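Per TrEMBL, the features are:
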type     : residues  : note
TRANSMEM : B:31-52   : transmembrane segment
TRANSMEM : B:82-103  : transmembrane segment
TRANSMEM : B:110-130 : transmembrane segment
TRANSMEM : B:150-168 : transmembrane segment
TRANSMEM : B:198-219 : transmembrane segment
TRANSMEM : B:225-244 : transmembrane segment
TRANSMEM : B:251-273 : transmembrane segment
TRANSMEM : B:279-297 : transmembrane segment
């Protein structure tokens with residue numbers, strides 16, 4: 001335990017505080033302890049965005065940004081069945097007769113996004129009579145548990161194994177080990193092997209990050225102050241979001257006054273934003289790598305009695321409601337929860353010997369002022385994600401907690 | 001009260017440093033915002049003080065705060081009419097958890113470190129089971145007003161401080177300190193040591209309930225709301241010069257410790273020291289503080305005055 005008379009140390013610190021000037025604006029933008037900041041492709045630091053992330057891969061970035069404007073193939077009213085620029089693979093060797101036993105190793109259900117997705121997946125399973133059994137194990141956010149879950153599922157006679165990996169690198173050997181035994185479908189986060197039959201994901205983090213940053217660049221006048229809020233460093237799916245935003249901000253006339261880590265905690269987010277409002281007087285735009293704490297950040301402006309600036313959130317109902325009620329200037333990039341439907345559909349296609357895309361890139365729409373009305377569903381819980389693609393499923397809205 | 005003087009000097013120094021860095025702090029709105037932010041930790045520190053001065057620990061307050069907020073959100077689910085019944089329920093939960101902690105520690109003779117560590121794990125596990133890992137529901141505006149409106153938070157803080165001071169001036173306070181100072185001597189002189197300790201745990205549970213109400217109000221429902229709060233509360237208490245192991249220290253100094261800790265966080269943030277580096281700075285300060293405390297401790301033991 002820590003403690004005892006911080007007196008002397010704190011006094012010394014206080015004295016230092018009196019004597020020194022504040023660092024120049026933007027100095028706080030170096031996420032110093034982040035493992036991902038040792039400058040790979042270094043960009044001008046003058047924008048206040050710090051060094052580029054080690055996770056940044058130019059080719060992936062270019063591909064994702066290009067995919068945003070490509071038309072997806074498949075039924076337009078079922079984006080979870082659509083694929084952008086699919087390269088189909090043959091699955092004849094996996095063909096077998098039903099009924100099927102599908103298995104799922106889930107990284108976690110420890111946030112509302114995953115809860116909505118998990119409900120959606122279970123409802124998708126219920127739609128298919130040819131699935132006689134669905135075995136799912138929850139790794140509770142632990143790599144080691146997921147590794148043993150995957151091993152356990154291989155002994156259960158699954159016809160297909162769906163994996164949503166907890167982390168990319170650590171789960172790769174486990175996924176590689178499962179591939180020869182059973183057709184494997186990976187979705188959400190990726191793995192460093194192409195042995196799965198298909199990898200399902202929305203366009204990706206670069207597109208998500210760029211959607212938000214481009215909106216702020218369009219709406220905030222040149223020289224405007226931007227606060228960027230990130231959850232935590234070192235996670236690939238979040239690093240890509242920020243690195244794409246950084247590229248956009250570096251090219252813009254906007255000034256990024258801070259890049260802060262919130263741990264995804266509402267209270268911490270609100271405190272950080274309050275401090276920035278106090279420090280800078282005015283913040284002209286807030287970029288976020290995930291919208292779960294967007295409402296807490298908005299409340300910091302409300303409680304400070306200043307207008308809410310241009311905001312980047314996500315497709316959670318609480319944010320959409322705030323957006324409408326406060327008539328905000330906002331955008332909501334999404335990482336659609338409808339992607340939880342696709343693995344079940346893919347598994348059945350594979351077992352029926354139908355070809356599937358090797359990289360199944362799902363469309364990743366953003367919610368704008370024009371489409372806000374479509375996605376705001378006051379009958380749904382505040383933590384519900386609008387892009388569940390679940391509105392026409394039999395259990396809707398009750399299974400998702402709606403009225 | 002003498003030993004409490006250093007913490008007030010440090011606090012004053014930090015407040016001046018904040019004011020220099022951010023003049024907005026001196027305006028009523030700025031200072032009110034600071035008080036609002038301190039209130040939950042200060043209340044937790046007051047609760048933790050009762051337990052520590054009686055010679056025990058309460059490690060369960062952080063997860064208890066999380067439980068309170070998650071339970072409130074799930075039961076209220078945005079319905080204003082549920083606000084008051086749920087508020088009462090939260091207080092009851094806090095009192096109950098404190099009571100169980102106290103009874104297990106005193107009657108079953110399980111060291112409080114283990115009792116409350118167990119309670120912390122049980123509460124986190126229970127919340128995980130009940131929610132499936134992520135919070136559901138929503139708090140009502142009527143609930144959130146206590147943590148969101150600075151005036152309410154400050155009013156609650158003032159009430160807590162006054163109540164804590166009055167309690168420590170009453171017989172309860174003297175017997176509590178006596179129990180922590182020398183359990184045997186206290187028992188021999190007729191103090192019902194177990195009873196005052198149980199009461200101390202109940203007060204700590206109550207403080208977690210109030211802190212949970214304020215924190216939930218401040219920023220809304222979150223499953224991380226109570227994370228590491230038990231350590232912050234213990235740090236605050238010890239910062240206030242309260243001796244671990246019990247028997248020495250003043251409740252106002254413990255609350256001042258919470259102010260100091262929060263002021264330090266604010267100052268670090270104002271100077272752009274954030275994220276992981278903030279933890280590093282905290283770590284350095286804490287180690288330095290323990291070293292300084294170790295140097296000071298012997299002379300404290302010699303001093304005849306107790307409080």
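Think of each number as a place in line: the chain as shown, counted from 1.
Every residue gets a Cβ built from N, Cα and C, even glycine.
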Paired segments the transmembrane segment (B:82-103) and the transmembrane segment (B:198-219) in contact, 3+ CB pairs under 8 A: yes
Non-local residues, at least 6 beyond the ends, that sit with Cβ under 8 Å of the transmembrane segment (B:150-168): 32-33, 35-36, 38-39, 42-43, 46, 49-50, 176-177, 203, 207, 210, 214, 217-218, 250-252, 255
Contact ranking winner - B:110-130, B:198-219, B:251-273 against the transmembrane segment (B:31-52), Cβ under 8 Å: B:198-219
